[in-house]
Amino acid sequence: MVQEDILKRSIYVYDIPTTLLSTLIPRADTPTNPTEPLDIPSSIAPHDPEATATSCTLCSINSKTVADQRTHVRSDVHRFNLKRKIRSQPAVSEAEFEGMLESLNESISGSDSSSDDDGGLADNAADPLAALLKRQTILAPDDVDAPQSSATKGPGKAPLMWFTSPLLPPSTSLGVYRGLFSNTEQADASYLSALHSKQISAHANEKVPHIFLCMIGGGHFAAMIVSLAPKISKRHTTGADERQPAVIAHKTFHRYTTRRKQGGAQSTNDTAKGVANSAGAQIRRYNEQALAAEIRELLSEWKEYLDTAELLFVRATGTANRRILFGQGAPMRSNDPRVRGFPFTTRRATQSELTRCFVELTRMKISRIDTSALAALDSQSVEAPAIKPTKPAPPKLTKEEEAAILHSTQLTALIRRSKAPAVLSYLTTNSLSPDYTFTPPNIHTPTLLHLAASSNSPPVVLALLTKSHANPTLTTSSQPKPPFELSGDRATRDAFRLARAELGEAVWDWVAAGVPTPLTKAEVASREQREKELESKEEKDRRKKEVERLKLEEAEHRATSRPQAGRGGRNLGASVQMVLGRREEDERGLTQEGRMRLERERRARAAEERIRKLQGQ
């Protein structure tokens, strides 16, 4: 019951229950080596305010002239430091480099009695830089006393520190983000004592500390100062205490600085492609300067909060954005040990996003993974060699199967294109049955007649039934329906009825095939003629009614309209407007085909009217 009560609600890092805090211990697999490199925010590049155009930040050398700088870049010490940087090793000074060369010369001169593995150093005596790099590569595993840089890159550290407690359920751990601890606390691995000192109860008689959160990118800026003492409020539904972040100050800015549909800031585009002179570019360039001024002014007003903040969490994407926060004249410095990056993915810079990030940072994470079981699985995977699953070889087809697949492919293509003579010719040439089944089996259309009916191909259906005498009653276990039931239009169904009339009733069981009464070609032609006559009659009646309606409307218009002297143009315009309005009303709700038919009728009526007037003359 105690375990359920502890994990019932989220645990605030700065207000851990006393019973749980007193029993917390680091998890066994959590690294506590004090020599581990400290976290450097990936979103913040180091900035040296004293760096000049003729200085080498890699070797920490300031040249007086550009010529001296070029000479230094071509020197062996600079090349050596570049190689060490690639190997994640710290740079050395010129004096240290000379000392290494002297020890190398002594090693080369006394290498006559060395083993074959070390004899390679003497072969490179002509190139002392290559020999020195090779010697350091050989001695690297045993050189444990060599100084290590704080920026040495390795496999990386997990962003979370995990703790366990006997009060927690088995295989359950609580995680705290490493970024909440200072560099000194991380170097000393004093995480438990740091957690005790961070509790709000430890600051009962002092001012509660606060942290600063800031995001900038894409023209969006959001900053927030949050007190580590949460704001307690009552929940409306249950009346229980609810903790919310106590925001001391917050501010958001947004300016149009990014190029729409192309991405990137205007300053970045100017640097890469040259200064653009368009109106949009000038607006974006001005907005970048205005945004930088607004941010600098805000941070200057918050300087007291920044100086007293316990931690500074910053996300700044792009060189221009980092220059706003950490450049010359900025209230913050990139080498400030309090500066942190967000150890998780963030979204657009808004106040709600900063609130979410604060909650994510200050709430302990719960893990229910059994680390011992995972370690056992890892050891088993390392010991057991990885065996790639062998793909089963495709079955080898016989000549008959290959021929059947070829016939199925050719016949399917001919039937889908309604090539009835070609289908009959192919069946005769290859001596195939009209009831040929496809290979591989086709579940929906297993036979030629099924496929022809499903594809709505009346010529192929009629040819297969009357010329090749295909079986219309044939069904399979996968397709229990006869071919007629797969027909999708009347023409295909008529093809089955025509075949029944031509072949007769004794050839097939047409009732079992589902084919209706027989139908002759004369009956089909007579039916089509009746349909045409009926359609023509309906069209004539409709046109007659339309003409009568137009005559009535014209008579009503003549009766209501009286011509006025000197205002004929206005009456003509009103008539034209009325006619156009009537046309729009007639065309409302019609399809494109109906509108074309109506336009043809109007033209026909106009032509009849002109002929009538000519005959009257």
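Cβ coordinates come from backbone N, Cα and C, glycine included.
Curation plays no part in TrEMBL annotations; they are all automatic predictions.
Per TrEMBL, these features apply:
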- 207-364: domain 'VLRF1' (DOMAIN)
- Gln266: active site (ACT_SITE)
- 522-617: region 'Disordered' (REGION)
- 524-559: compositional bias 'Basic and acidic residues' (COMPBIAS)
- 581-617: compositional bias 'Basic and acidic residues' (COMPBIAS)
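Under DSSP, the residues of the compositional bias 'Basic and acidic residues' (581-617) split into helix, strand and coil as follows: 32 helix, 0 strand, 5 coil. Around the residue listed as 'active site', the same-chain residues six or more apart in sequence whose CB sits under 8 Å from its CB are Thr257, Thr258, Arg259, Ala276, Ala281, Arg284, Arg285, Glu288, listed in sequence order.
When Cβ-Cβ distances below 8 Å are used as the criterion, the compositional bias 'Basic and acidic residues' (581-617) is approached by residues 543, 546-547, 550, 553 of the same chain, each at least six residues removed from its ends. In the predicted model, the domain 'VLRF1' (207-364) has a mean pLDDT of 84.
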